Structure formats: C-alpha cells, structure tokens
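Database features (Swiss-Prot):
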type	residues	note
COMPBIAS	779-793	compositional bias 'Polar residues'
COMPBIAS	796-809	compositional bias 'Acidic residues'
REGION	98-117	region 'Disordered'
REGION	777-825	region 'Disordered'
TOPO_DOM	1-50	topological domain 'Extracellular'
TOPO_DOM	76-141	topological domain 'Cytoplasmic'
TOPO_DOM	175-198	topological domain 'Extracellular'
TOPO_DOM	224-418	topological domain 'Cytoplasmic'
TOPO_DOM	449-463	topological domain 'Extracellular'
TOPO_DOM	494-497	topological domain 'Cytoplasmic'
TOPO_DOM	535-557	topological domain 'Extracellular'
TOPO_DOM	591-610	topological domain 'Cytoplasmic'
TOPO_DOM	658-664	topological domain 'Cytoplasmic'
TOPO_DOM	694-698	topological domain 'Extracellular'
TOPO_DOM	720-825	topological domain 'Cytoplasmic'
TRANSMEM	51-75	transmembrane segment
TRANSMEM	142-174	transmembrane segment
TRANSMEM	199-223	transmembrane segment
TRANSMEM	419-448	transmembrane segment
TRANSMEM	464-493	transmembrane segment
TRANSMEM	498-534	transmembrane segment
TRANSMEM	558-590	transmembrane segment
TRANSMEM	611-629	transmembrane segment
TRANSMEM	633-657	transmembrane segment
TRANSMEM	665-693	transmembrane segment
TRANSMEM	699-719	transmembrane segment
Amino acid sequence: MAFESWPAGGVRPVEELDVRSFLMEENSTAERCYRSHSRSSVLQGLPFGGVPTVLAINVVLWLILLLIFSCLRKAAWDYGRLALLMKNDSLTSLFYGEQSEKEKTPSDSSPSDSETKDMGFCSWLTSLYHMKDEEIRSKCGIDAVTYLSFQRHIILLMMVVCLLSLTIILPVNLSGNLLGDNPENFGRTTVVNVPAQNIFLWLHSIFALLYFVITVLCMAHHSSRLEYREDEKVARTLMITSIPREISDPGLITKHLHEAYPSCTVTDIHFCFNVQKLMKLDSERRKAMKGRLYFTTKAQKNGRIMIKTHPCAQIFCCDICGFEKVDAEQYYSELEEKLTDEFNAEKNWISMKRLGIAFVTFRDERMTAVIVKDYSRARCRHKPQQSSITTVVRSHQWDVSYAPAPNDIIWENLSVCGPRWWLRCILLNILLFLLLFFLTTPAIIVNTMDKFNVTRPVESLRNPVITQFFPTLLLWAFSILLPFIVYYSSFFEYHWTRSGENQVTMHKCFLLLVFMVIILPSLGLSSLNLFFRWLFDVRFLDETDVKFQCVFLPDNGAFFVNYVITSSLIGTAMELLRIPALLVYSLRLCFAKSKAECIHVKISQAYEFQFGLEYAWTMCIFSVSMTYSITCPVIVPFGLLYLVLKHMVDRYNIYYAYTPTKLNQRIHAAAISQVVVAPILCMFWLLFFSVLRLGPVQPITLFTFITLLCSIAFSCFGFCMKKLRADRSTSYQMSDQTTEGGFSDAERSTISTTATANLFIASVLLEPELGLTPMPSPAHQSYGTMVNSQSSVRDAEEDEEKDLEETLETELKDDLLMDSPVAFQ
C-alpha cells in the first residue's frame, strides 16, 4: 500500500531507496568490520570515538609528568643541564668538585644562564620563551636554528590547514545526514557523513590540492632561508678514496694532479689512517688522567684517599663485601701510565695503517670543480684525465667528491670501507627488515595482545580507557621504540659522516613510521595473516568478511585522533623526561668507581641531538594529521598542538640536554622533500575513498586521480632539479661569496690554506702529550650556582689561584671537549 503514495514518475522514491540502500550497506559494512574486530581493542563503537576520555586522561598524565620533570630537575639539576656542564663548569667540577667562578663576558651570559631563570622549580618554562635564536645559534650551532626554523614553518602550515579544515571542511561534513544527528557520533565529523550525491564533495578534492600547493610554497620559503657556508662544503678540498694503500708519498698524488690538471694547484694533502683503536685508548687515558688530577688535588687538601676499584663498589658500599681498597692517586697514576704507553705504541704504528683515503686541498674552489666534473663524467664511461704515473696511483679507480666538514667526519668509522662496508650494511638492513616487519609492527603487536585476551576481561565494560586509550598508548610506545632500533642499525652501519648517518636514519625511520603508523592501521591490516592474504590471495576480497570500506569507519579516524593526542601530550612530556637516558645516566653513576668517574659520567652523558630521528618523528605526526585533515578534520587541532609542544620541548632539549652537532645541509633539504609526502598521502586517501564510495569513473574520482598524478610528477621533477642545483651550488656558489672582512680569493687562500688543511686530520693525531699538574682549589661556592666575579672580593692569593686556574683551563679545554661525541667548532 505504500507504493500508492509515490508521486508520479517515481523519481523521488528512487532517490529515497538509494539512500536507504546506501545506509543499509553502510550499517552492514560497519557490522562486518566490527565483527571482524570483535577481539580487537582498536575498533569499538564508543561515544565520539572515546576522544574526550582519551584527551582528559592525557591532560592529567601530561601535568603529572611535567610535575615529575620539575622535581627531577630540581633534585638532580646536573641531569637537567648536561649540555651546559661541559661548557660552564666541567673543569672546576673535575678538579675541585665545585662550580666555576670564572668571569663571564656579557656575550657569554644570557637569560637562560641566569640563576633566577635556570634554578627555579618551573623557571625552565619561562626560559623557553625568553630564549632567543641567537643564544641557541651561539651555543648549539646553525643546524639547531635551521631545525627549529623548519618546525616553525610546519607550525605555520598546520595553522593554515587547521583554519581551513575547521571552518570549511568540518561544516561540510557536519551538513550531511547519513549518520544521524546524534552529537556523540564521531562519524558526523568525517567525510563518511556526506552523501555520495552531494556536490560539496568537490571541496574535499579541491582542498587536498590546495594543501599540496600551500605545503610546497611553505617549504620553498624555508628552503630559500637555508644558509650556504664554506666551512660546510669545504669547496677547496676533495676527498679521494680507493687510493692504493702502499702509496705513502703525497708527492705522487700531487704530481699526478698537476700533470692531469695543469691549471690546478695542490696546497696540501693528508692521508687517513685507521684510528679506531687509537681513539679508544685516548679516551681511556684521558679518563684516567682526570682521575689522577682529581685525587691529587684532593690529597693535597684532605690527605691520602682510598677507593674501591670494583665496578660494584658504589652499589655494595659496605665493608662486608670485601672489596679491596687502594690508594686513589696511585691507582689512577698507574692506569694512566699503562694506557699512555699503549697509546704511544699504537700511535707509532699508525703510519702503517693507511686506509687509501686522502684529503687534497687546492688553492681555489674553481679547481676542485674541474676535477669533480671530470670524475663525475667518468661514471658515464668517460676516462678521467691521465698522467705519466696513472698506472702507479691507479687514478682511474679513484672516487672523487667534495670533502665533508671536518667536524662532520666520524674518523673512527673510516676504517670500514669498500665491500666490507656494503656487506655490513646489507646484512644489517635485512635483519632490520625481518625484525620490524615480521615481528614488531605496532599494529601487529596490539592485535597479538588481543589474541592472548589481554583486554578481554574488561571489553564487556566498553571502557574507553581500555578500548581507545590503551591501544593508542601501545602504538605510541612501540612507535617510539622501533625508530631507536632503526637508529642503532644506522649507527652500526659505520657511516663516515654524521650527516650521512642522520640522513639515512631519517629516511628509514620516516618510511617505517608511515608504514606502521598510517598505512597498516588505516587498512585494518593488523595481523601478518591478514596482510599476506590481502597481498597474495586473489580471492581474498571476495571471500573475507573484512572489506576495505573498514578504512573509512568513523572510529578508525577516531583511533588516529587519539593517537595524535597521546603523542602530543604524553609523548612530548616523555621526550622532556628522557627516561631511557635517565636510566642509563643512573646506571653509569652506580657503576662508577670513584667521584672522579662520576664527574666524567656527567660530562660524557650529554649526547648529540639526533636530527635524523627527530625530523622523522615530527614528520610522522605531521603526516598523520595531514593525511586525515580532510577525511577526519578533527585531528588537525591536535596535530597543531603536537607541533607546538614538540617545538618547545626541542628548544629546551637542544639547549640544555644535548651537545652541539654540525651536519651537512643535505639533511635539512631532505627533510623538506619528505614534508611533501604528507599532502600526497592525503590525496591518495581521498582517492581511495572516492573509488570505494563513488566509483572509479566518477568526475570527482578522476579529478582526484589526475591531481594526485600531477602532484607526484611535480614532486619528482622538483626533487631531480634540486639534486642538479645542489651540485652546482657545491661547485660554484662559494666563488661568489666573500669572507668576513672582504678578503679576495687570493688573500683568503693564503690566510686559510693551512688552517683548513689541518682540519682534515683526526684530532687524536694532533693531541700533545698530557703532562699536567693540579692546582689548589679556589674559594668554596655552592654547587649549581652561577656567580658574577665582578661582585666578589678576592685577595691577592685568590687572584693568583685564579690565574693559575685559567692557565690550566686553557691547556685542558680541548681535552675535556674531546669527551663529547663531537667537538663543535
């Protein structure tokens, strides 16, 4: 009887039937997806996807973690400022166990260094706002400023995306009526709520293209601000590898280059040696030397000091354990003498450990450009220029490239080269692939835990803490762990430069994070069985109950919103706490044999800031937010929150917790290239949605597909052009620059030739013999305070001690800085 009430023509009822059938199809799809995940804690139909509950829990835990950090920083202040220990008070802490009273110049002091802004319970929060880029640049180097500038550009980009997504895309999604009017339904905010016939779906595709354009423009602006520096490119020095190891006379290299390239003038040549063992012995003898100096000074004030040399003596300090006591000064003196003898013996043999690598410095960078161009053509079956001794030096086998910055070179890794390096790299990456892909993908771990009924007892309660917060916390935790595995795999690959190590780490981590945080969970492929069936079984999509429509379930978007919330609050707070580093720091202090070694631990605990790892992690969360910025626009504000908090945490950690790092500019350019992946993923997800919802031949689908192809083609073209442009700038850009003071090319060559050439020698080969005597202790001062020497009154004896202290500090300054992973210049 209902058919009698249809209007003539039957047009309206057909539309109503289409909507009803579509809704029934949506409901059946949801039922199938939820049924297939009935034992999974990831997909659950919760009020508003559990986002309010997860947000409240994260805010509370975030505040608790900040309180814990403030307490730890107040109680163990040295740990909160490890990077400053080396610069400000490592010397006097070593010799006197007290803070330095050395007078500071106005340029050395900063708001972050003052007692009121550095010692308070929560003063570190205000110091972040008062800290200027000039302070960070003077202490941490230009790479830190470039990284922070990159983050600010990403924040600005995310602000624009957030504004557009919340003011335009979100109202369009809410205007749909497919999922009802219940305000607790998270799906109303997603693209799933918009009917397939709605013309506003065009806005989603247009805005995806707009986001890509905005991203490209923003990164182009950041790229134009990157500084080119001569000390980074070292355009007048070439690194030549595959030189026969039996060649020890640099005159042969000079003769060949002069004959093959008559217009080129060689000013200096330095061969490389296997200094791995030598650097290890040097580190150990410096440690022993510091122990001797410390206890010699203490013995002059307090008499003979006895220590227990067993590694567990600090933990089991009672006399019942029976650890033998020895004279501290004598113990470290004998240890230093032994290590010094081994060091000198190894140094005498170092000339026999040539590596077939040489750094050749020319008078002008135009000369190096000629040689690099000739050898780059040699890769295309073009023989480089010959000389009368070509067969002797085997120049046709050489690999010639611009030398990296001296501070960028990891000298101890140069010994791993050739087939040995490639074999090591291939085996490590195969092992990494097997470990990460087959065992420890976070989505697979969460699914495996569900199979063992980890959350089954409370699933019946439909508790958002378990069904939403717990899985996202697990995904975040494993996402934190796995990049560190990737980092250590890059570390054991023995890259020759820190830039190369960081860049490889960044690329591998980013690809891994995108795969395991975005792709697998989005596709619902949370188990290996499901993944391989989807990959290889041609009948899988027809027979299985799990459809790809599950990708666009409302709660799947809520899962990523909750994940970004967890990363924004708990994630950034944990980065501030640095729990793994704190545990290592505590363990090293427990196993230190003496007070002197405790001081050594404090100095050497400050590590380099891992730009590759942090770039990858920042871009992962940015990519998650950008990928779902249109299909699930609620995620964008939390992505912006993450970027802001991440920026503040990194400012603090770079200044206070990590030592300066000098890198090649290529890693910053590579990070810019990877940012463009995010809007491309957004287009790909929108195309996926259009194909599933609208069909592959609909105009919106075709438009999205064409824009995706054009965006990928544009990105590839820009990447290739950037590679070519980088080669030209490396070769010729420095010719157009002048140094400070306006020196000409000839003057600059004369002044800096010797200094530049000497940089290309491992510092351990330039170190003088350590023969130092301790000085008396200066006036007592409470530890952890900074005193202005202008306000203190000293008598003649204290002035004399201060002069002696400054003399000793001058002699030992470079020695103590050698304890850090890199001595920044």
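Cβ atoms are placed via backbone N, Cα and C, with glycine included.
Averaged over the topological domain 'Cytoplasmic' (494-497), the predicted model has a pLDDT of 86.
Count of Cβ pairs under 8 Å against the transmembrane segment (51-75): among 142-174, 558-590, 611-629, 633-657, 665-693, the largest is for 558-590.
Between the transmembrane segment (665-693) and the transmembrane segment (611-629), three or more CB pairs separated by 6 or more residues in sequence fall under 8 Å, so the two stretches touch. Outside the transmembrane segment (142-174), and at least 6 residues removed from its termini, the chain residues within Cβ reach (under 8 Å) are 133, 136, 188-191, 193-194, 200, 203-204, 207, 210-211, 214-215, 218-219, 221-222, 225-227, 229, 609, 611, 614-615, 618, 622, 625-626, 629-630, 633-634, 636-637, 639-640, 643-644, 646-647, 650-651, 654, 660-663, 668, 671-672, 675. Residue counts for the topological domain 'Extracellular' (175-198) under DSSP, helix first, then strand, then coil, are 8 helix, 0 strand, 16 coil.
Among residues of the same chain six or more beyond the topological domain 'Cytoplasmic' (494-497), those with a C-beta under 8 A of the stretch's C-beta atoms are 404, 408-410, 413-414, 416-417, 421, 424, 504, 664. Per DSSP, the secondary structure of the topological domain 'Cytoplasmic' (658-664) breaks down as 0 helix, 2 strand, 5 coil.
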